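According to TrEMBL, the protein has these features:
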DOMAIN    B:5-120  domain 'Semialdehyde dehydrogenase NAD-binding'
BINDING   B:Thr12, B:Gly13, B:Ala14, B:Val15, B:Arg40, B:Ser41, B:Ser159, B:Gly160, B:Gln322  NADP(+) binding site
BINDING   B:Arg100  phosphate binding site
ACT_SITE  B:Cys129  active site, acyl-thioester intermediate
BINDING   B:Gln156, B:Arg242  substrate binding site
ACT_SITE  B:His249  active site, proton acceptor
Protein chains: 2
Amino acid sequence: MKKYKVAIVGATGAVGREMLRCIFQFNFPFESLKLLASARSAGKVIEFEGQEFVVEELTENSFEGVDVAFWSAGGSISEKYMPYAVKAGCINIDNTSHFRMDPEVPLVVPEVNAEALKDHKGIIANPNCTTIIMASALNRLNEYFDIERIVVSTYQAVSGAGVAGMEELYRQSQEVLDGKEPVAKTLPCASDKKHYPIAFNCIPQVDKFDLDNAFTKEEMKMVNETKKIFNKDIKVNATCVRVPVLRGHSESVYIETKKPLDMDKVFELLSDSHGVDLYDDIENQIYPMATLFIGDELVHVGRVRKDLDNDHGLSMWIVSDQLMKGAAYNSVDIGLKMIEMGLL
Amino acid sequence: MKKYKVAIVGATGAVGREMLRCIFQFNFPFESLKLLASARSAGKVIEFEGQEFVVEELTENSFEGVDVAFWSAGGSISEKYMPYAVKAGCINIDNTSHFRMDPEVPLVVPEVNAEALKDHKGIIANPNCTTIIMASALNRLNEYFDIERIVVSTYQAVSGAGVAGMEELYRQSQEVLDGKEPVAKTLPCASDKKHYPIAFNCIPQVDKFDLDNAFTKEEMKMVNETKKIFNKDIKVNATCVRVPVLRGHSESVYIETKKPLDMDKVFELLSDSHGVDLYDDIENQIYPMATLFIGDELVHVGRVRKDLDNDHGLSMWIVSDQLMKGAAYNSVDIGLKMIEMGLL
């Protein structure tokens with residue numbers, strides 16, 4: 001079996017660390033592994049599975065001889081350096097939002113639209129975490145019942161805002177428990193003007209606002225990326241909310257389908273969906289929760305129930321470690337799927 | 001002005017304490033104030049505004065000479081003792097779920113359906129916290145645009161499960177910060193079989209399950225009580241979730257109206273709704289959050305925006321201290337409204 005020269009860009013970040021772990025855990029066949037980050041992190045040693053990796057500075061020349069690179073260092077880094085990687089012949093799987101809506105760039109959840117990989121021109125985009133998780137859970141239901149629209153409210157963990165988000169929640173929680181005022185520096189959005197405490201709070205803002213339509217960019221990612229991944233005009237109404245959870249996004253999802261729902265078939269499809277764990281037994285209080293599934297790559301689905309008034313309406317509760325299926329694992333899985341399809 | 005002999009049943013609980021505070025804060029005209037609780041709490045002294053109140057044991061004879069009683073000691077207590085209070089000529093405003101769906105009992109949010117008070121037969125029910133908050137926010141929009149259905153996902157504070165819920169979140173949070181396993185004793189529902197940690201987690205169960213339709217009782221309260229309060233067949237799809245917030249429920253609400261929405265009118269109506277604070281200025285990151293409004297009696301509404309695909313669809317984010325508007329304040333406000341209407 002061919003082995004690949006692999007790079008991770010943004011290797012010291014919350015997602016980058018998980019990318020390294022996924023490459024090992026899911027046996028991505030690498031010959032060499034180059035960890036790239038900013039000059040600030042260069043020289044840092046990362047140990048994993050008994051091996052030591054020295055972080056190198058990302059430059060225009062980092063991709064000579066690299067077969068495939070996994071990117072998660074921010075949209076501006078992808079924008080600036082990825083053209084050099086493409087020119088060097090490297091295939092790039094990008095976890096940032098920069099290229100997602102580019103019509104030349106496939107936006108892929110492998111179990112949903114792997115076929116789109118065939119049209120790649122050196123860049124494949126990994127969708128937003130909230131979108132991946134929802135698309136993965138809904139894929140087989142859409143194939144069978146034809147989903148027309150979605151109303152979703154999210155419960156997003158602070159690790160979606162990186163290591164800084166996690167540190168902030170830990171620190172603020174202790175401040176509140178000690179009777180102090182919690183100090184906010186990062187959330188809801190590091191680059192926005194105001195910051196609010198997330199400890200013991202819910203913040204109805206993830207990413208910045210689009211002032212034209214009053215939705216946030218995070219919400220518009222769910223709207224636009226869902227349409228692109230399913231390659232159809234599914235209507236999406238999203239409300240994205242940050243909650244004081246360290247890791248694992250939850251989503252309250254309501255869908256309407258063109259075909260009337262048959263609940264036996266719904267459960268059969270969810271039981272037989274690649275990457276989906278149907279975790280639903282209310283009689284025994286079994287439903288997914290964020291703290292149950294840290295570090296696993298599945299999308300867990302529970303609280304599945306038909307709308308009381310509409311034979312075409314279905315509610316469910318979806319939980320997944322957004323650093324895994326929502327980011328690192330989906331990226332690595334795209335790479336594995338490309339090998340399987342002979343595209344890498 | 002007439003002054004009343006008042007009792008609070010369940011005076012030592014999370015809601016009972018707020019009832020006492022609301023009676024003072026909103027100048028409920030009392031001549032005497034009797035605090036009732038179980039035998040266990042009898043004799044306990046509660047100080048408030050420089051006055052001392054000795055808690056008395058609730059018995060069948062507690063209501064002789066009492067004009068009005070505010071109840072929040074659990075459904076079984078209301079079931080057992082309220083008939084004695086009615087027989088004694090006391091008017092009873094009940095915060096438990098026991099009588100809510102009884103067709104003989106008005107279920108009231110004063111700004112929505114005060115007229116229903118006229119039909120009371122000694123008992124008036126206070127709706128569930130999540131229902132009150134939503135009904136109050138939506139009332140004027142319903143009057144003008146005629147709401148046909150609602151899809152709601154809640155973010156409910158642990159104080160909805162009483163003092164024990166708050167103590168559990170504090171304790172578990174410290175346990176997690178200390179690197180220990182959090183111990184769960186109360187949530188999601190004290191009377192259910194299994195308990196799960198709420199610290200740094202979201203639990204998609206509030207109250208027990210209705211195994212017939214797979215919704216929880218809390219979700220069915222939102223479904224059934226909303227129809228009764230608005231006295232029309234509004235379709236409600238609810239997902240109720242407990243989050244690690246101490247106090248203050250948030251709700252992500254999507255509505256569909258019969259008349260097409262005019263956003264200028266929407267904002268005008270929300271600005272001019274009794275008990276509603278329109279708190280919505282996304283350009284300046286202004287939106288309601290649970291920690292902002294602890295102890296106030298208003299329903300705060302933000303993130304108001306039209307659906308991207310439907311001129312009859314509207315999303316909003318609602319936050320209110322559920323112990324106040326969701327329970328104690330709404331109960332006391334029912335009493336004040338009855339005085340105003342000459343019913344007390």
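Using the three backbone atoms N, Cα and C, a Cβ is placed for every residue, glycine included.
Distribution of TrEMBL features across the structure.
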residue	record	DSSP class
B:Thr12	NADP(+) binding site	coil
B:Arg40	NADP(+) binding site	helix
B:Arg100	phosphate binding site	coil
B:Cys129	active site, acyl-thioester intermediate	helix
B:Gln156	substrate binding site	strand
B:Arg242	substrate binding site	strand
B:His249	active site, proton acceptor	strand
B:Gln322	NADP(+) binding site	coil
Over the domain 'Semialdehyde dehydrogenase NAD-binding' (B:5-120), what is the model's average pLDDT? 96
Comparing the recorded positions B:Ala14, B:Cys129, which residue's C-beta has the most other C-beta atoms within 10 angstroms in this structure? B:Cys129
Of the recorded positions listed (B:Arg40, B:Arg100, B:His249), the greatest number of other CB atoms within 10 A surrounds the CB of B:His249
What same-chain residues, at least 6 away in sequence, bring their CB to under 8 Å of the CB of B:Gln322 (NADP(+) binding site)? B:Cys129, B:Thr130, B:Ile133, B:Gln156, B:Ala157, B:Ser159, B:Gly160, B:Arg247, B:Gly248, B:His249
One residue among the binding-site residues B:Thr12, B:Gln156, B:Ser159 has the fewest other C-beta atoms within 10 A of its C-beta, namely B:Thr12
Near B:Arg242 (substrate binding site), which residues of its chain come within a Cβ-Cβ distance under 8 Å, counting only those 6 or more away in sequence? B:Gln156, B:Val158, B:Gly160, B:Ala161, B:Leu187, B:Pro188, B:Ile198, B:Cys202, B:Ile203, B:Gln205, B:Val206
For the domain 'Semialdehyde dehydrogenase NAD-binding' (B:5-120), the number of residues DSSP places in helix, strand and coil: 38 helix, 32 strand, 46 coil
Rounded to a whole number, how many Å is the Cα of B:Arg100 (phosphate binding site) away from the Cα of B:Arg40 (NADP(+) binding site)? 28
Taking only the residues the record lists as binding NADP(+), namely B:Thr12, B:Gly13, B:Ala14, B:Val15, B:Arg40, B:Ser41, B:Ser159, B:Gly160, B:Gln322, what is the largest Cα to Cα distance between any two of them, in Å to the nearest whole number? 26
